[in-house]
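Presented below is the structure to which this report refers.
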Amino acid sequence: MMTNLFSVFDPSAIFNLSLNWLSTFLGLLMIPSIYWLMPSRYNIVWNSILLTLHKEFKTLLGPSGHNGSTFIFISLFSLILFNNFMGLFPYIFTSTSHLTLTLSLALPLWLCFMLYGWINHTQHMFAHLVPQGTPAILMPFMVCIETISNIIRPGTLAVRLTANMIAGHLLLTLLGNTGPSMSYLLVTFLLTAQIALLVLESAVAMIQSYVFAVLSTLYSSEVN
């Protein structure tokens, strides 16, 4: 039973090529169209969303943030949001439900922040290990706690996104598997529940991409 449930997350292969991962890059096919087509209402709405995110990330980074650094986090948000939504369509591989992708996004970002901070702002990074007002007797323990909490950050970022994507898809799969054994009346309620769950999954897709980008921005602001 569990094998069948999780089989929707298995990347299949054709001619020894894992073609499912190509769904991650489908968004690249849509980017060139904005340069030669007249902007539609959807483009205007999307541009306003990106502008709002730019202002928010710039506020989170503070005055010490480098110019243009917000585009990294906006691109990260766009990539995760696109793949989260693509995973909601039938027969499209959900790449963000795999730690292979989420950890590949979180770990290099965290490593870059840490290397930049410890090389250029060493004293500032040491000061982060001991919160202000900590009693002297607790300082060694706080250093250990802060170090561990810092090390697990990329893991928590990746697992949070992966777990949220898997949970919703598993619920949809469970409900879908019960359909053939139900009466027509119960199938109506089942479809209503699945539509409601799909709407909730759309909200989760947006929220999780936003959370991933915001937390990455906050981690970046700590090393400046």
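Every residue, even glycine, has its Cβ placed from backbone N, Cα and C.
The structure displayed is predicted, hence computed values, not measured ones.
Annotation source Swiss-Prot lists transmembrane segment at 17-37 (among others), citing sequence analysis.
According to Swiss-Prot, the feature transmembrane segment maps to 72-92 (among others), an assignment based on sequence analysis.
Here Swiss-Prot flags 99-119 (among others) as transmembrane segment, drawing on sequence analysis. Sequence-distant contacts of the transmembrane segment (99-119) (same chain, at least 6 residues past either end, Cβ-Cβ under 8 Å): 24, 76, 79-80, 83, 125, 150, 153-155, 157-159, 161-162, 212, 216, 219-220, 222-224.
Per Swiss-Prot, transmembrane segment is recorded for 125-145 (among others), and the stated evidence type is sequence analysis.
Residues or ranges marked as transmembrane segment in Swiss-Prot (evidence: sequence analysis): 170-190 (among others).
Only residues 6 or more beyond the boundaries of the transmembrane segment (195-215), in the same chain, are considered here, and those with a CB under 8 A from a CB of the stretch are 53, 56-57, 60, 73-74, 76-77, 80-81, 84-85, 87-88, 105-106, 157, 160-161, 164-165, 168-169, 171-172, 175. Annotation comment: Swiss-Prot describes 195-215 (among others) as transmembrane segment.
Same-chain residues lying 6 or more positions outside the transmembrane segment (125-145) and placing a CB less than 8 Å from one of its CB atoms are 117-118, 222-223.
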